[in-house]
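Before any comments, here is the structure.
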Amino acid sequence: MNLLIMGLPGAGKGTQAAKIVEQFHVAHISTGDMFRAAMANQTEMGVLAKSYIDKGELVPDEVTNGIVKERLSQDDIKETGFLLDGYPRTIEQAHALDKTLAELGIELEGIINIEVNPDSLLERLSGRIIHRVTGETFHKVFNPPVDYKEEDYYQREDDKPETVKRRLDVNIAQGEPIIAHYRAKGLVHDIEGNQDINDVFSDIEKVLTNLK
């Protein structure tokens, strides 16, 4: 099986990806792992990527696309199939992936799209607070401290509602054209993500069992 998994930050994509890999024995290909492996193995694209990262610059699409192609060309993919996680991030990368798969003679069989209401994600992602003295982490809604006094806690910039909302808005704007592109090919399977982790996986399992 050759799959993509998509979903907004906080939708539980990482958790479900791990469950899919364990149950269906496909190769889990995450963007971070790909970059680290390519740089460690000093592949042509890995060396190029490192040169940008060392300068503190963004890695251009053609290098990212090249790293993906290197990984998808490896022998284990032919044997196990793959679950691609964190790529493509833009419609341009989606078109590049289509081209890569066509060149390698690989067929994409399904996109698992975990859907969670953005307002729920905003609450989930922006609720983290940290105790100023102990450094303990809590969540305003899901794991509130017993003795909550606002002045005793702080939030990291990344966790503040306005920062989280910006991140979600960017992800929505980038993700919608990708979903539309693959939906037109009949590949997208929407999964309700606002339920228990095991129920989410049960829904995914039904979809993937029918794909086999």
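The first residue you see is number 1, and the count goes up from there.
Backbone N, Cα and C define each Cβ position, glycine as well.
Every protein chain considered, the tally of other Cβ atoms within 10 Å of the Cβ of Gly12 (ATP binding site) stands at 21. Marked as ATP binding site by Swiss-Prot on the basis of sequence analysis: Gly10, Ala11, Gly12, Lys13, Gly14, Thr15, Arg128, Thr137, Phe138, Gln195.
Here Swiss-Prot flags Thr31, Arg36, Glu57, Leu58, Val59, Gly86, Tyr87, Pro88, Arg89, Gln93, Arg156, Arg167 as AMP binding site. Using a 10 Å Cβ-Cβ cutoff, Tyr87 (AMP binding site) registers 20 neighbours.
Sequence-distant contacts of the region 'NMP' (30-59) (same chain, at least 6 residues past either end, Cβ-Cβ under 8 Å): 17, 66-71, 85-87. Under the heading region 'NMP', Swiss-Prot lists 30-59, citing sequence analysis as support.
Residue counts for the region 'LID' (127-159) under DSSP, split into helix (H, G, I), strand (E, B) and coil, are 6 helix, 10 strand, 17 coil. Feature annotation from Swiss-Prot assigns region 'LID' to 127-159.
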Per DSSP, what is the helix/strand/coil residue tally across the region 'NMP' (30-59)?
21 helix, 1 strand, 8 coil
At a 10 A cut-off on CB-CB distances, which of the binding-site residues Arg128, Arg156 has the highest count?
Arg128
Compute the C-alpha separation of Thr31 (AMP binding site) from Gly14 (ATP binding site), stating it in Å without decimals.
12
So for Arg89 (AMP binding site), how many other CB atoms are inside 10 Å of its CB?
17
So among Gly10, Gly12, Gly14, Phe138, all listed as binding-site residues, which is physically nearest to Tyr87 (AMP binding site)? Use the C-alpha atoms.
Gly14
